[in-house]
Amino acid sequence: MSQVNTDVTLSSTYRARIDDLFLRMNQREVHVVAKLVRYSEPKPLLLTVNAINQLCDGWIYLPIALYVVVLREWRLLVALITGVALSHLFYGSTKPRFARVRPCNFVENIPSRSRCLDRYSFPSGHCMTLSVVGFLLCWQHHAAIPALALGLLLLCWARVASGQHYPSDLVAGIGVGYFVGTTVALILL
């Protein structure tokens, strides 16, 4: 098992505390990840995992944006763009600082089943983005809540089943997405 990641320069005390916390969390959560990866090995499930990961790499957001444009909901479009931009600013500045090693890089028996967009797993940028976009859409269109809930559950399953994330990464990503989405909605919608 790899123990820590020291690529990001922080104070040694802070870095040691973060590394220790994530090491303990990794050891507790890696068994859940390994089990979900193993249960998702049948070809139909693996194809579904890969399709969901591909869609949420960004492809799903173009039809959503076009839908908002067709509805002429310009304030919602501005809120979506602002929310995604703010969440990615947060994501880009915090993910390298936390530097949590992905499950597929933490133990050898967990394969990486999809392309990594970056090196670290905490928080999940995929869950963060889908949460921001979904929350803002649901703020204006309450009927979309069941679709968002289902989509978020499928994304969470796909991210863990692909060996990319621990469950706590997903919770953190959803939490940040909810916070950013709420803030943007209260200000812009």
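From the backbone N, Cα and C atoms, a Cβ is placed for every residue, glycine too.
A TrEMBL annotation is a machine prediction, not a hand-curated record.
According to TrEMBL, the domain 'Phosphatidic acid phosphatase type 2/haloperoxidase' annotation covers 76-185.
Here TrEMBL flags 74-92 (among others) as transmembrane segment. For the transmembrane segment (74-92), same-chain residues at least 6 beyond its ends with a Cβ under 8 Å from one of its own Cβ atoms are 61, 64-65, 68, 123, 125, 128-129, 132-133, 135-137, 140, 176-177, 180-181, 183-185, 188-189.
Same-chain residues lying 6+ beyond the ends of the transmembrane segment (143-161) with a Cβ under 8 Å from its Cβ atoms: 32-33, 36-37, 39-40, 45, 48-49, 52-53, 56, 103, 113, 124, 126-127, 130-131, 134-135, 137, 167, 169-170, 174. Annotation source TrEMBL lists transmembrane segment at 143-161 (among others).
Annotation comment: TrEMBL describes 170-188 (among others) as transmembrane segment.
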Helix, strand and coil residues within the domain 'Phosphatidic acid phosphatase type 2/haloperoxidase' (76-185) as assigned by DSSP: 82 helix, 2 strand, 26 coil
Rounded mean pLDDT for the residues that make up the domain 'Phosphatidic acid phosphatase type 2/haloperoxidase' (76-185): 92
